[in-house]
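Q: Structure in C-alpha cells, see below.
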Amino acid sequence: MYSMLDTDIKSPVQQSNAPIGGPATPGGKGNASTLDQDRVKRPMNAFMVWSRGQRRKMAQENPKMHNSEISKRLGADWKLLSDSDKRPFIDEAKRLRAVHMKDYPDYKYRPRRKTKTLLKKDKYSLPGNLLAPGVSPVASSVGVGQRIDTYAHMNGWTNGAYSLMQDQLGYSQHPAMNSPQMQQIQHRYDMSGLQYNPMMTSAQNAYMNAAASTYSMSPAYNQQSSTVMSLASMGSVVKSEPSSPPPAITSHTQRACLGDLRDMISMYLPPGGDASDPSLQNSRLHSVHQHYQSAAGPGVNGTVPLTHI
C-alpha cells in the first residue's frame with residue numbers, strides 16, 4: 001500500500017496506466033474514491049484465489065453467517081485439500097504475483113495503520129488523557145515528568161526535602177539516657193524509690209505497699225536479718241491500712257523493730273513471770289502502738305490512720 005508521499009512522487013502517466021485492483025464506487029464520495037484509487041492491493045495468494053469463489057458460494061447458502069465464521073470454515077476446508085487439489089490455485093497465485101511485480105516494480109508492502117480499537121486504547125491511556133490529541137508519546141511523557149517536578153516544588157519544598165526531613169526527624173538518643181541514674185533504673189528494679197502520689201487510689205496504694213514490703217531490693221532492706229523480714233511481712237498482713245514505706249531504714253529504726261518484736265512475742269506468752277506484771281503489759285502495748293504509728297505515717301489526704309482498731 002502506497003502512502004501519500006509515494007503517490008506524490010509517482011508520475012501521473014503511471015497512475016493512469018496502472019491497473020486498479022478494484023473498480024471505484026460510482027456513487028461514493030470523492031475522498032473515498034481517491035483513497036481507493038491510490039491504494040495498491042497486495043497480490044492474492046493461493047488461498048485467496050481459491051476462497052474467492054468459495055466465499056461467495058457459502059455466503060449465498062448461509063446469508064446470516066458472519067464473515068469471520070465463513071473465513072474459519074474456509075481455512076479448515078483449505079487444510080483438508082490435498083497438494084494436487086491446491087496446485088492450480090498455487091500456479092494462479094504465482095502468475096498474479098509476476099503481473100503485480102511487473103506493474104509495480106517499486107512496490108513495498110506496508111502494513112495497515114492501527115485499527116480503531118488500538119487508537120481508542122491509546123486515547124484512554126494516561127499520557128493521552130493528560131495532553132491534547134496530536135501530541136507524540138515522547139512529548140507526553142516529558143510533559144508528565146515536568147508536571148510532577150512542578151508539584152514537587154510547591155509550598156517551598158524541593159525534591160530532596162523529604163529525605164532531609166526524615167533525617168532531621170530521626171529518633172536520636174537523649175544525652176540524659178547515659179546518666180548513672182538512668183542506667184541504675186534500667187539495670188535494677190528498685191521499689192524503694194517510689195514515692196507517694198496523692199492521686200493514687202487506696203487500692204493502688206495497698207498494692208504498691210504489699211509489693212514494696214515483699215519485693216524491695218534496696219541495700220538497706222538487704223542488710224536486715226530474717227527476723228526483721230518476717231516482721232515486715234507480718235506487719236503487712238495485720239495492717240491493711242494504706243501507707244508508703246520509708247526509702248531507707250536507719251539503725252535506730254532497726255533497734256526499735258527488734259524491741260517491738262520481743263514485746264509482741266511476750267504478749268502471746270502464757271501468763272506468768274514478767275508477763276503478768278501490769279506495768280510491763282502497759283509498756284508493751286505502748287511500744288506496739290508507737291510501732292504502728294511509725295509504720296503507718298500520715299494517712300491518705302492527711303487523715304490520721306485508724307490505729308485504735
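Glycine is treated like the rest: Cβ placed from N, Cα and C.
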Q: When you get a sec, could you say which of 152-163, 212-223, 260-271 is annotated motif '9aaTAD' by Swiss-Prot?
A: 260-271
Q: By DSSP, what is the split of the DNA-binding region (40-108) into helix, strand and coil residues?
A: 51 helix, 0 strand, 18 coil
Q: Restricting attention to the DNA-binding region (40-108), give the mean pLDDT.
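A: Across the DNA-binding region (40-108), the average pLDDT comes out at 92.
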